[in-house]
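J.: Handing you this structure, nothing more for now.
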Amino acid sequence: MTGGKSGGKASGSKNAQSRSSKAGLAFPVGRVHRLLRKGNYAQRVGAGAPVYLAAVLEYLAAEILELAGNAARDNKKTRIIPRHLQLAIRNDEELNKLLGHVTIAQGGVLPNIHQNLLPKKTPKAKGSQEL
């Protein structure tokens, strides 16, 4: 075969390592880079931008999943359902601000009864009213 095409990997890629593993991330840096290029956000995309964005997305996912796991444990469940995600996001001030206009399917609403709808508390007299 001429031209150096042996059908295998390139000679310099014996220790190939993904950009995600180089950055210590679980989210795919290569896929984020491809989506940034295809999304027409800018003409050019720097090398550090997809790494940073993947790290931010991974952090947000971990934060939401931790709070949702706590909500599931509070409800004595071992599986996170959309209701737990909804409770986690709406009870956290910053996440609620970030995802304020997001609708979560099968998420339900936060339990809340307006103060005016609650029964009035009657003060009890210390002395007995009976004769």
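Using the three backbone atoms N, Cα and C, a Cβ is placed for every residue, glycine included.
Keep in mind that this is a model prediction, so the values were computed, not measured.
The feature compositional bias 'Gly residues' is assigned by Swiss-Prot to 1-10. As annotated by Swiss-Prot, N6-acetyllysine applies to Lys5, Lys9, with the evidence given as similarity to another entry. What Swiss-Prot records for Gln106 is N5-methylglutamine. Under the heading phosphoserine, Swiss-Prot lists Ser128, citing similarity to another entry as support. If you look up Swiss-Prot, you'll see 1-24 marked as region 'Disordered'. Annotation comment: Swiss-Prot describes Lys120 as site 'Not ubiquitinated', evidence class a curator's inference.
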J.: Among all chains shown, work out which of the recorded positions Gln106, Lys120 has the most CB atoms within 10 A of its CB.
T.: Gln106
J.: In whole Å, how far is Lys120 (site 'Not ubiquitinated') from Gln106 (N5-methylglutamine) when you measure between their Cα atoms?
T.: 34
J.: Kindly assign the residue listed as 'N5-methylglutamine' to one of the three DSSP-derived states: helix, strand or coil.
T.: coil
